[in-house]
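Inspection log for the structure reproduced underneath, given as structure tokens.
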Amino acid sequence: MGEALNGLKRTMMCGEPREEHVGQKITLMGWVQRNRKLGGLDFIDLRDKTGIMQVVFGEEINAEAFEKAKGVRPEYCIAVTGEVVKRESVNENMPTGFVELKCQSLKILSESETPPIYIKENLDAAENIRLKYRYLDLRRPDMHRIFEIRSKTTKSIRDYLEKNDFLDVETPMLTKSTPEGARDYLVPSRNYPGMFYALPQSPQIFKQLLMVSGFDKYYQIVKCFRDEDLRANRQPEFTQVDMELSFVEQDDIMALNEGLIAHVFKEVAGVDVKLPIKRMTFKDAMEKYGSDKPDLRFGMEITNITEDVKDMDFVVFKSAIEAGGSVRALCLKGGAALGRKPLDKLGEFVKTYKAKGLAWIQLKEDGVKSSIAKFLTDDVTNSIIETMGAETGDAILIVADKESVVFQSLGALRLELAKQFELIKDKNEFNFTWITEFPLFEYSEEEERYTACHHPFTAPMEEDLDFLESAPGKVRSKAYDLVLNGEELGGGSIRIHDMELQQRMFKALGFTEEQAWERFGFLLQAFKFGPPPHGGLAFGLDRMIMFLAGTENIKDVIAFPKNQNAYCYLSEAPNIADEKQLTELGIGILPKQEKQEQE
């Protein structure tokens, strides 16, 4: 049984003692990193979230403490009191390495079994073990540093927004399911058998209702939930910095959030963000980088060479152009040195993005070498080289197909080449850009209808309104995303505040009037009562912390994350519900075989 504190107070953290504290009597509390014996003395490295302090036990220092220390093992939780003295053998690798504590009193507050993971910086244990024993994983000082950054970031965000007259308002966690986009997490209602709440994917409708309520400027740091197939750096529950403003236009929201980003990155990471942040249309981003989340830390833009090759007698290029597609290319500096095998691997790589293959031209010292040499004339070759701005030693990598495939495959290839050839020179660079003028709709082949690129409440650009019914694919939106180093940091839009336009939007999405009112009637009803022009934005807080903390794994910035299958190794959630609970909720679970037969 562990000893009680009985009034004993900690007077200093383990990482704090310095030479100026020599001669002082202090009390430290923490966990044993290691216990070693040397020359008749015991040396314990005592750790807390601030660092490690060496504590010395000896017969002549205090016999009782020395005897107790012999049984102390790693991860025991202890309290020590003693005098700070200079170390005979200095450890310059530790901030406390010039001093040590001569222990005059030891309390063993609690014992520990042998831990399944070793508590140290840069732990290389298997992820499932780290997540199962997350409370041990979180003892590591580098994990504490991340959550100190997270706490500092949320405070910085709140300070900035409240200084700009934003009001923190909580919105419901139990909401109505509106099946559009990702799947909802459903919560059965005991009071209304057979009916369900949904956990919010975002506070979208409620924050718009707050604008109708006259709140003017709202914000919330809020949990959101999406039951989707998890990709890298996605979690089923995540934290969003959510905001909405009335009587504003797009430029107002972007300027305010540029100020927020500059404030937070300076205060938390000491980074000066250059303002104003550059802007790029969705169309330009796709054509130049093959992505609406371009990584601008390196060049290598996609170049359109359709005009250069349109008269070539090469069926792949010809058929792509005739079908309304294009021929585009990347210029890889130094790529002429690549052998056939790595070029073939790049060809296989683009095929995973539905490209039919990769044509290439290498500009070697002794002439041009190409996978399509027999179709190239000197004039066409020279025209391509000039358009690409290529030089001797370079390689030109070409894809021909419908534009969606060309952009996707070359965009992915661009990022792959950046990894392989280390094209990002400054890994600590923060390169921001706004992406604007997104399409309002995208066509779903699976559902055979148009779906909203962002959500159904995004306002279309006025100049494109005439296309809303006749050519939805041509309509651009008043939506904007903030991209950092190839990752979407946040996104938002100006909202529709006109009931007639909102109904036109629902109709374009394939909703009948009855379906629109059934799903979103409470918003449409509110729009009868003078809604103001409004818009907003939401940042992914978890992703922002990843950048500020310098980690590439989203699980590092969430205290108790799920794995890629939305499973919690620590609590073993989800679990089987008690039969009594299911009965109260009016729920029956189909046997697996019966479920499969019904499907």
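Glycine is treated like the rest: Cβ placed from N, Cα and C.
Segment annotation: Swiss-Prot labels region 'Aspartate' over residues 204-207 (candidates 204-207, 240-243, 352-355, 464-467).
Of the residues proposed, Gln235, Gln502, the one Swiss-Prot records at the same ATP site as Arg226, Asp227, Glu228, Glu488, Gly540, Leu541, Asp542, Arg543 is Gln235.
Across the structure, Glu228 (ATP binding site) and His454 (L-aspartate binding site) are spaced 16 Å apart at their Cα atoms. Listed in sequence order, Phe438, Ser477, Ala479, Gly491, Ser493 are the same-chain residues six or more apart from His454 (L-aspartate binding site) with CB atoms under 8 A from its CB.
Within the region 'Aspartate' (204-207), the DSSP-based counts of helix, strand and coil residues read 4 helix, 0 strand, 0 coil.
In sequence order, Gln208, Phe457, Thr458, Ala459, His534, Gly535, Gly536 make up the list of same-chain residues 6 or more apart from Arg495 (L-aspartate binding site) whose Cβ falls under 8 Å from its Cβ.
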